[in-house]
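Record features (Swiss-Prot):
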- H79, A120, H121, S122, G152, A153, N180, Y289, E371: thiamine diphosphate binding site (BINDING)
- D151, N180: Mg(2+) binding site (BINDING)
Amino acid sequence: MSARPDTPLLDTVSYPEDLRKLEPGQLRQLSDELRAEMISAVGVTGGHLGSGLGVVELTAAIHYVFNTPEDRLIWDVGHQCYPHKILTGRRDRIRTLRQGGGLSGFTKRSESEYDPFGAAHSSTSISAGLGFAVANKLKGEPGKAIAVIGDGAMSAGMAYEAMNNAEQAGNRLIVILNDNDMSIAPPVGGLSGYLARLMSSSEYLGLRSLASRMTAKVSRRVHTSLGKAEEYTKGLVTGGTLFEELGFYYVGPIDGHNLDHLIPVLENVRDAEEGPFLIHVRTVKGKGYAPAENSADKYHGVAKFDVVTGEQKKSTGGPPAYQNVFGETLAKLADSDPRICAITAAMPSGTGVDKFAKAHPDRAFDVGIAEQHGVTFAAGLAAQGMRPFAAIYSTFLQRAYDQVVHDVAIQNLPVRFAIDRAGLVGADGSTHAGSFDVTYLATLPNFVVMAAADEAELVHMTYTAAEHDSGPIAFRYPRGGGIGIDLPETPEKLEIGKGRIVKHGSKVALLSLGTRLEEAKRAADELEAKGLSTTIADMRFAKPLDTELIAQLMKNHEVVVTIEEASIGGLGAHVLTYASDEGLTDAGLKIRTMRLPDAFIEQDAPEKQYDEAGLTAPHIVDTVLKALRQNSAGVEEARA
């Protein structure tokens, strides 16, 4: 492990109030030390490195100029918040990032007063900032709201919806566009930095206000024309016309690593009577750490790594990741089916669509952080005879639920949903858990909902979805590697709504949906050792249910337990509803449902999360024994 960096100036700063005691000329040294500390910490924990390295100077400048936490600083997504955490009283815990019981990898209201709004999903910061700004305005309280949003997050419509309503906040709202992808602005140089300071100065803003009042006395047509002339002239130099149209005073672009530019611009905007402002800041993702700057992904998300070399600690060889199994299977299917296409919302490698895109680039579509558009785009493709696969994380599909209902389900369009990161996901915690998709999809008419028990089942389900043209179909699978089962050379088309018996028994029936099947197998072994003959069924489908199989198991077993890595309202609820409707519980059958608890489970290793959720083999055994009123030794307990 590398030694911790020498940080004499940073050691004197625990909170922003300490930072504000420094001289402006000391901020360069502070930023260098802050960057070194962040690299050292993430080398130990893993996490999102590149984004935070790119905003070190910006973070220091914001806390130096603004009176946080009274001025509310809101980070969009939160990938870039590690330097912010170090400067706001959490440096002593920074090496617990994303660990069980440690600091969150995102901003979190319960963690610090300097985190006024939690984040992890994209493009929410401007709306939240507007809420803070307007609330302070209505209450007559001081305080600005500063929303820092990346250029990638600006691809989502929600950001523009917020900006379109932001004028009511006046000078209380400041949006900082952190542009690190060279996708919006021309190159930054001395002229643009000079213009930014000029256009944010009180003299310029005062002159602009005076000119506006004077031109208001001429005809409306002339007044409008003069305003447009100024706007477009400035836009030619800065690229800010769009933001001006939305009612913002646009400043920039400026070099986000040049403190001599950042500090005066932020001070000018802080003191301005006009507003709202959008400050366009250009940064370099991975700034100051050569391995990150030279990497294609700028070390966006990394495992633990050697700080000196940048070499990440590779996991030992094992089964292929589920997303890669999906991507490679879909690419093979598309070789012989020109109707198959794939859609991802800014997560090509995370969903495996990158594998598909290499083979079929003309049929792979990355729509950016725009899940709503992506789903309706897929619906349009399906309506025109294509076979679209919308590959979206479970937690992000929530963002497009209206489109799933209105544009897909109601029209019964055959959109295929490949739902990655189903269940609990480990270090990213509750904001990224795929807890709810079974519940929110299986309740919809026309939908077919599947869950893969292993990587071989995922191959079959991908093929089944490709061949299913009679309506929408979804299949879910978890993060990480499979169980090591051999992949089938030829995929099998599954019969819709039919499960499979994995093990035959006579007293206890375990109905598993998804990858908890392995825990069900371990539980069955333990139950058999206690003399309890156990059947295991891999249900495969949450909807439609295999009612024939369920009825058979309920009539021939004393205890039936459903097991799923999903929230209440999923398989268990549907099985109970069916059993009630058919009177299958009238004769005293014992039914128990095991699912994720009614709580948000925080970051930890997945196996610890599932233990906390009560979804491991010992929990299954305990549930069966309690249903039979037996103790852990399998001996029947006395009844009260």
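Including glycine, each Cβ sits where the backbone N, Cα and C put it.
Keep in mind that what you see is a predicted model, and the values were worked out from it rather than measured.
What Swiss-Prot annotates, mapped onto the structure for a quick look.
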residue : record                            : DSSP (3 states)
H79     : thiamine diphosphate binding site : coil
H121    : thiamine diphosphate binding site : coil
D151    : Mg(2+) binding site               : coil
N180    : thiamine diphosphate binding site : coil
E371    : thiamine diphosphate binding site : helix
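Each residue contributes its Cα atom, and for D151 (Mg(2+) binding site) and N180 (thiamine diphosphate binding site) those atoms are 7 Å apart. Largest Cα-to-Cα span within the thiamine diphosphate-binding set H79, A120, H121, S122, G152, A153, N180, Y289, E371: 33 Å.
A C-beta separation below 8 Å, combined with a sequence spacing of at least six in one chain, links E371 (thiamine diphosphate binding site) to A345, I392, F396, L397, R399, A400, Q403.
The number of other Cβ atoms within 10 Å of the Cβ belonging to N180 (thiamine diphosphate binding site), over all protein chains shown, comes to 22. For the binding-site residues listed here (H79, H121), the lowest count of other CB atoms within 10 A around the CB belongs to H121. Cβ neighbours of G152 (thiamine diphosphate binding site) (same chain, under 8 Å, six or more residues apart in sequence): S122, D181, A346, G368, I369. Residue density at D151 (Mg(2+) binding site): 18 other Cβ atoms are found within 10 A of its Cβ, drawing on all protein chains shown.
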